[in-house]
C-alpha cells in the first residue's frame with residue numbers, strides 16, 4: 001500500500017488504531033513513520049501505549065516507556081496513567097504502585113484517573129493497606145463503616161473525602177461504599193448530596209446506588225424523592241432546588257426550570273448530541289452487540305468527538321431484522337449483557353396546564369400482556385405504560401386524574417371500555433379539564449359510538465346503574481363503586497344531546513364538557529384524515545397535537561401548541577437519544593402511488609441537517625438500539641435554537657395504516673400470496689393487485705383489489721378474503737381488528753383489463769413504460785376511481801367475527 005506518510009496522518013492513524021486496540025495496524029504505521037524519518041510526538045507515543053495496553057501487550061508497552069524515559073520526549077500524566085491502568089488490568093498492582101512512586105519522583109502531578117486506577121486495582125485485590133496517600137485510608141474506613149455502621153467513622157471518612165475533592169479525586173468505589181454506609185446509618189441527606197456529587201462530574205448515578213438510596217428514602221418517609229429518583233438517572237436536587245442542575249437533565253420539575261433547561265439544551269444541540277452518545281456508550285460499552293463492532297475500546301478514555309466519529313464509521317446501520325436475533329435471545333431468557341448492560345426505566349413526566357383536582361377524559365385502552373419464554377412481559381408500548389407505576393405517578397404529580405379506573409382501561413374489550421369511558425366522562429363532566437387519547441382516531445371512534453349510545457348512557461346516569469352490555473365482573477364493580485344516581489345531570493345531558501342531534505353533533509365537546517380547555521392527541525401523519533370529523537366535535541375547543549415519539553424513543557416536542565395540527569413541527573430534544581439523519585431524494589413519479597422510492601445519501605448528524613430536505617431518522621438509544629433505522633420520513637422545517645424542527649411526512653416502506661397498525665409492502669405481498677393460494681380450488685390465477693387504506697368509512701379498513709383470470713365462486717373468494725385478513729401479523733393490526741377499531745378486510749374483484757387501463761392512464765400522463773410498476777397501495781383519486789368503476793364483486797372478511 002502506497003500513500004503519503006505525514007506526521008499528521010500518522011498521528012491520526014495511531015490515535016484511531018490505538019483506541020481500537022488494533023495492534024498489528026498500529027505497529028505497521030509506527031514502522032512506516034520510522035522508515036520515513038518522522039519523529040513520533042508525545043501524542044503518538046501515548047496512543048501507541050494505549051493501543052498496546054488495551055490489547056494487554058504490557059511488556060511491549062514497558063519497552064516503549066523505557067525508550068521514552070531515555071529519549072527526548074518525557075512521559076506526561078497521560079503516559080503514566082496508561083501504564084498504571086495497564087498494570088491494574090493485568091493484576092500487577094505492585095507495579096502500578098511503583099510507577100506511581102516514579103511519577104511522584106519526576107514531579108508529574110497525579111489526577112483523578114491516576115487515583116481511580118490505583119484504588120480499583122488495590123480494592124479488587126483487597127489490598128487496601130497498600131493504596132496511596134489519603135485515598136487508602138478513605139477506602140479502608142468506607143469498608144469498615146459498611147461492616148460496623150460507626151457514626152464517628154462516617155464523619156471522619158466524610159472529612160477525608162472532602163480533602164480529596166479539591167484534588168479532583170472522585171473515586172467511584174469510594175462514593176458507592178460511602179453512600180451505602182450513610183444510607184444504612186439513616187443519614188439520607190448526606191447520602192443524597194454525595195449522589196448529586198456524582199452527577200456534578202458529568203456521570204449518571206449507577207443503578208446499584210439508586211436502589212440503595214430509594215430504599216433509604218422510603219424508610220426515612222421521603223416517598224416523593226424516592227419516586228423522583230426511581231424515574232431519573234440524574235441528581236436528586238436534595239437541598240439544592242434550582243441552584244444546580246445536571247448538565248444533561250433538569251434537576252427539578254417546575255415548568256420554568258424545564259423551559260430553561262430545554263432552551264439551553266437546544267442552543268448547543270450539536271455538542272449535547274455528542275455527549276448523549278458518549279453517555280449511551282459509556283452505559284452499555286461492555287454489551288455483546290457493541291463489542292462486535294467496537295472491540296474492547298475503553299470508552300472513558302476516548303474523547304467524545306473521536307468516539308462519535310469511530311462509532312458512526314464502525315457500527316453499521318441496523319433494521320429490526322438485524323436486531324431481531326438478539327431480541328429473541330433476550331425474550332427467551334438469556335441473561336448476559338446482549339444489547340444493554342442494565343435495564344433502563346426512565347420517564348419524563350409532562351406538565352399539564354390544568355387546575356389541581358381536575359379530571360381527564362382519556363380514551364385509553366390496554367391490550368392483554370403476555371409472557372415470553374424467558375419470562376419477560378410483552379405487549380404494546382401503551383399497554384406497558386398504562387399498567388406501570390409511572391401512569392399513576394403522572395396523575396399524582398399533575399393532580400389531574402383520569403375519569404376511568406384501571407379495571408376499565410385494562411378490560412381487554414374496547415367496546416365495553418369505550419362505554420365506561422363515556423359514562424364516567426359524563427358523570428365527571430364539570431370536572432373534565434381536557435380530552436385525550438394516544439391517537440385522534442380513538443377519540444373520533446368514541447364519539448361516533450356516543451351518537452348511538454347517549455340515551456342508554458343517560459339512563460345509567462339517572463338511575464346510578466350500568467348497562468347489561470358491560471358483562472365483565474371487575475369492570476362492573478369498579479364503575480358501580482364510582483357512580484351514583486344523578487337525575488338532574490341526566491336530564492341536562494338529554495337536553496344537550498337532543499339539540500346536538502339537530503346540529504349533526506357539531507360542538508359536542510364544549511356542550512357536554514364545558515370546562516374542557518383542549519383536545520390533546522397525536523394528530524399528524526396517518527391521523528390527519530380524522531381531523532375534519534374531530535373539528536366538528538370540538539368546535540371552538542383547540543386541537544393540540546401531542547409530542548413526536550415512537551416505541552423506540554421520544555424524538556421531539558411541539559414547541560408551539562397553538563398551531564393547528566396540520567402546521568405543527570417538532571423540535572428534536574437532543575438528550576432523548578443520539579440522532580442521525582439519512583438524506584432522502586425523491587425520484588420523479590407520482591408519490592401517491594409508491595410511498596417509498598428514494599435515493600439515499602450517507603447519514604449526517606443532527607447539527608448538519610438542512611431546511612427543506614427530507615430524511616429518515618436513525619436512533620441510538622439508552623435502551624439498546626444502535627444506529628437503528630426508525631423508518632420515519634421527516635422534513636426539516638426550520639430550527640429552534642440549534643435543534644431542527646421536523647415535519648412528519650410518512651412511514652418509510654409503510655403502505656397500509658389506519659390506526660396503530662403498520663404494514664409494509666412485504667407484509668401485503670405475504671398475505672396476498674396466502675390468500676391467492678386458495679384460487680387453485682377454482683383453477684383460477686391472480687393477474688395483479690393493489691390496495692387502499694380506507695379511513696373515510698368508520699371504522700376504517702383495508703381494501704385489496706384483485707384482477708383474476710378465470711371464474712371463482714363467491715364462497716372461495718370469501719375464504720381468500722378471510723385468509724388474507726387473518727394473515728396480517730402486525731400486533732397493532734391484530735389488536736385493532738379484535739377490538740373492531742379496524743373493520744373487516746374488503747376484497748374487491750375488478751374486471752379483466754383494469755390494471756391495463758391504469759397503465760394506459762399513466763403512460764398518457766407522461767410516464768415511461770419502462771419505469772412503470774403497479775403500485776401496491778394507492779390514495780390517488782384517479783386510480784381509485786378506475787378501480788372502483790371496474791369493481792364487479794365485493795367480499796368482506798369473517799375473520800375475528802367472534
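Just so you know, the numbers here start at 1 and follow the chain as drawn.
In case you wondered, yes, glycine gets a Cβ from its N, Cα and C as well.
Annotation source TrEMBL lists domain 'GH3 middle' at 571-651.
If you look up TrEMBL, you'll see 666-781 marked as domain 'GH3 C-terminal'. Mean per-residue pLDDT, taken over the domain 'GH3 C-terminal' (666-781), amounts to 86.
The repeat 'PPR' annotation in TrEMBL covers 6-40 (among others).
The repeat 'PPR' annotation in TrEMBL covers 41-75 (among others).
Residues or ranges marked as repeat 'PPR' in TrEMBL: 76-110 (among others).
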Tally the residues of the domain 'GH3 C-terminal' (666-781) by DSSP class, grouping H, G and I as helix, E and B as strand, and everything else as coil.
54 helix, 24 strand, 38 coil
What counts of helix, strand and coil residues does DSSP assign across the repeat 'PPR' (41-75)?
26 helix, 0 strand, 9 coil
Taking helix as H, G and I and strand as E and B in DSSP, count the residues of the repeat 'PPR' (76-110) in helix, strand and coil.
26 helix, 0 strand, 9 coil
